[in-house]
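What TrEMBL says about this one:
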BINDING   Glu3, Asp32  UDP-alpha-D-glucose binding site
ACT_SITE  Asp32  active site
COILED    84-111  coiled coil
BINDING   Lys169, Asp193  Mn(2+) binding site
ACT_SITE  Asp283  active site
TRANSMEM  354-381  transmembrane segment
TRANSMEM  393-414  transmembrane segment
TRANSMEM  435-453  transmembrane segment
TRANSMEM  485-507  transmembrane segment
TRANSMEM  519-536  transmembrane segment
TRANSMEM  548-570  transmembrane segment
Amino acid sequence: MLEPPITTANTVLCLMAVDYPANKVACYVSDDGCSPLTLYSLTEASKFARFWIPFCKKYNIQVRAPMLYFSGYSASSPPSNISSEIFQAEERKMKEEYEKLKEKIEDAVQGKIPIDLSGDYAVFANTEKNNHPAIVKVIWENKERISNGLPHLIYVSREKRPNHQHHYKAGAMNVLTRVSGVMTNAPFTLNVDSDMFINNPKIIQQAMWKLSYEEMKRRFGNSTKLIKLATQTLSVESDTKVDQPEDLSSCIEMACQVASCDYELETAWGSEVGWMYGSITEDLVMGMKIHSQGWSSVLYLPDPPAFIGSAPPGGPIVTIQKKRWATGQLEVLFSRNNPILLAVKAKLKLRQCLAYIFILMWCVSALPELLYSLLPVYSIVTNSHFLPKVGEVASVLVVALVLIQNIQTFTFSMGHGQSLRKCWNTIRMNRITNVTGNLFAYLTWILKLFGISEAVFEVTKKYHPTISDREGAYAGRFSFDDSAMYVPITALLFLHMTVLAMPFLGLRPLNDVVGHGPGLFEYGVSAYMVLSYWPYVRGLFGKGKYGIPFSTKCKAALSVLIFLLLCRLLG
């Protein structure tokens, strides 16, 4: 349900269809759920791939995930030497075949087609998600090693046992590294999520030429002949072979061995080799580890973009994901992988260190922001102020700081092609994230710090917008559930709406002393917070999944009463 097999199948299909010699590509799918449905979906997708991949390459289709192609994401036209009638006929045929594939997979997911746990699926009998042996299946093998065929497709589910630490995604990536090492031994890897579709089929060619050629030129100098000899090894036309077995099936036993859960015991995996352990944000730790060893990285932004993914507009999925990222950032910030320590003890450069600190500090602002969000409410309720009054000299500094901050944010965002509306959405999402996901990340990290509980890698459901999500009455609306993460922000919204309504409702502050009360800035901050939380204002009156649950409103109202009582005691 969280990662639908049809989505995974589409990702695999577009990966297998890249414009790169098929004899130099192997696609490995890591299934940490050990689901026979995933293997069944990939097997059926490989059958469809025999028609789909030649079609894509024949007509130079750009978006090669059929889910997106047939939903009208990218329109294609036939080459000039092929009539549109022939193209349309083949396109209709491909759509019919894809609908058959989709129906088979959906029927299997819904249980309409029972999967017989025998033959290739016998290994799934009597298995549990977190208690099963290593499973490696060669779904498709390019036995002839032809460049215009289909790449290898291998299913991998690493061994899991209840008494073994599995290190979440980093552990899965290390298993893939070892399995691919004993099976195909390719010098480069490309890692994508199950809902990350290739948008540019030439991205591997472009990236290899751009990470490889420039580096060779720097290493070997300006000798044209020397560079030509070096680049031939990695070029698309090269016939250079890497050390690979003749038959992939002969490597399955060895692949299962390196995918076992105890293979890493007393080894350097996770500490010196492969993806680093110690944080649920394995990509951040891995990046710092690579840079601290003296390597450089290149940001390559081709046109069209290399990949496209799916992201929800807002709601539980976003909140959980932000909490997971923030928890991982706190784990890294207060660990031996801290960028400051790596800059002192290793080869992390100063600018790299500053960049990582900037990223890791995103979540640290959650607690201060919560306190600052409460300050204007406290000031208005107790008839006090924490900001200078309009007309005072200090007010110029406040206005200047606000203007500089917002001008810098808008300039940076618009410089990257974002509209004013997207800039504003980014700003208010920062406000929302800090008092939801980031705030609860503090709690998760503190519980781990004191050994009460471990941080858990929470898998988020893959989101694919429907027509109603894009065009209906609820287009762009946040969705909600009864998670405790929505209580603080709902309580803050109640507080700011209450203090803004106090003058209109005739409510008087606790200490009604003339001249010492809040000024325009305190009310301005409260109004700004309400505007930032506007998706939650709509959620107060929404229905179904687009409305904040009644239980959350009750808990938030109770929190408001407790805060007002504290204001009375302290004021």
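Placement of Cβ uses the backbone N, Cα and C atoms for every residue, glycine included.
Caution: TrEMBL annotation is automatic and unverified by curators.
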Glu3, Asp32, Lys169, Asp193 screened against Asp283 (active site), Cα within 10 Å - retained binding-site residues:
Lys169
Cα of Glu3 (UDP-alpha-D-glucose binding site) to Cα of Asp193 (Mn(2+) binding site): how many Å, rounded?
10
Contact set, same chain, for the transmembrane segment (548-570): CB under 8 Å, 6 or more residues outside the stretch:
374, 377-378, 381-382, 480-482, 484, 486-488, 490-491, 493-495, 498, 510, 536, 539-540, 542
Taking all residues of the coiled coil (84-111) together, what is their mean pLDDT?
92
Cβ-Cβ neighbours of Glu3 (UDP-alpha-D-glucose binding site) (radius 10 Å):
19
Measure the Cβ-based neighbour count of Asp193 (Mn(2+) binding site), defined as the other Cβ atoms within 10 Å of its Cβ.
15
